[in-house]
Amino acid sequence: MAEYYVKPQLYKGKLHEYCQKNKLQLEYKDVKVEGPPHDRVFTVMVVIGDREYPVATGKNKKEAKEEAAKAAWDSIAQENQTKQGSLPQTPQPQPLKPSPSLPIAFSSDTLEEIQPLDYISMLTKYGLKHNIMVDYKLEDESGPPHKKIFSYSCKIGDKIYGEGTGNDKKAARQAAAKHAYEQLRSQETSRAGRHAAVASSANSLPSNSNGISSWSSENGTDSASKNMNSDGSLVNKMNDLTATPKNAAMKSKRRESATKLAPSFSRPEAKYTKDERLIKDFEEIKPIGSGGFGNVFKAKQIIDKKNYAIKRVMCNELRPDLLCDCLFIQMEFCEKGTLDDWIDEKRGKENYQTESLIKFRQIVTGVEYIHSKGFIHRDLKPLNIFISSEDKIKIGDFGLVTSMTDDLRTTGKGTKSYMSPEQAGDKYGQEVDIFALGLILFEILWIFSTGTEKIKEWQKIRECVLPEEFSKNFPLEKHIIEQLLSKDIAKRPSASHVLKLLKLVAKKNLNNAHTC
């Protein structure tokens, strides 16, 4: 029989499932780390119960764990090949689903990244099944010959759904496909309360150790929007890629039975969610946003009467330890919106620069903290920076956070307009966040009069070609921005050093105010 390639991470999931089924303790034991800093070799061993399995190596800890899982699985299979019915099945390639953002906690296990899924194949399968053209177009090609950056768009039918970048054409097309898929799934998810196609594997999940409330909904999803658009039929067909007919039928039957037994009460919040615990603990539930990450609701806690942001995200099926289809995460609700909203509010106004520097200092303080814990945000931009009712800056959206200890990182992660040049590759560090800070500092000091003007001038700003008038009015700030946007990452200052530079600017501005 012809052999096929099995992705290494499937062995980890299957091994976990095997140990759960047989009530065995699974552990990945770090054996040793060898080699120079730029060429590390990690050695990991799988331990199941008291049994140690063959060691395996990798260029990073994640790869070593995956290889160790494969070695352990092969050993188990070989030992049991003569026992009828006890041979664990080789992990079969599963129908792939999108991998939305998961709640991120500051631990290396949580931040360990999962190998990207093949979104191109999923969209191709979808297009063939429904006779809809899926096309990828090269939109842009930049960078030196030895380090090209490609940008592709993904067109489904007659609409462009996504755009992605990468250091080769294949990676860029894959990124565009992922973006398109997540857009379609997001639109479908926002109306999922009308459909029974998404299966649920559990009825409840207790709060996790970080104090973040996590619940699974009855049908795995909630309706987050009442609006329908012209792509409704297209989005509805996406259910076919992830639906489990057997589970869907069971769900439908269970809901039908529950409908007969349950009394009917008129609850205004049921308009946007069917989750009983959410309705029990919160009132005035309203959808305020959606995207590839899931959906966000604004809701008032019944006990303390405070408004919170409730984020609903779908679970990742490659994490077998998660027993539900979606999680609800209770977060602080920032009444004043995002930094992007603040920029729009100040557009066309004057004398906002002092406030800009105060906000930027808070942003840098937050980035300094993230870096001090050994992490990189990778997607700093005004839309991911929030302002509380006390006018305090809150950095959010940690969906792309990664550890600085990993040797290799995923390519093309982030928002293209705020990405550093080296972020298109797989070797970079915290300097990518510093580059984004340089763009943010310019943007809040020199707010463009229109969005069109920003689009026209933005590439020049990324290349540190600043307007002459800006350089004249903000010489100290210009000096800082030039360092932050340096193409030589070694010349970009740390977040701690940026704070020192900002103190000098504040002192100079204070002296100028006194002498006027």
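Glycine residues also receive a Cβ, built from the backbone N, Cα and C atoms like all the rest.
Curation does not apply to TrEMBL; its annotations are automatic.
What TrEMBL lists as domain 'DRBM' is 10-78 (among others).
Annotation source TrEMBL lists region 'Disordered' at 79-104 (among others).
TrEMBL lists 90-101 with the feature compositional bias 'Pro residues'.
Under the heading domain 'DRBM', TrEMBL lists 118-186 (among others).
Annotation comment: TrEMBL describes 183-266 (among others) as region 'Disordered'.
Residues or ranges marked as compositional bias 'Low complexity' in TrEMBL: 196-219.
Taken from TrEMBL, the feature compositional bias 'Polar residues' covers 220-233.
Here TrEMBL flags 282-505 as domain 'Protein kinase'.
Among the features that TrEMBL reports, ATP binding site is placed at Lys311. Cβ-based neighbour count (10 Å, all protein chains) for Lys311 (ATP binding site) stands at 20. Mapped onto three states, the DSSP output places Lys311 (ATP binding site) in strand.
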Cβ pairs under 8 Å between the domain 'DRBM' (118-186) and the domain 'Protein kinase' (282-505), at least three:
yes
What average pLDDT is reported by the model for the domain 'DRBM' (118-186)?
82
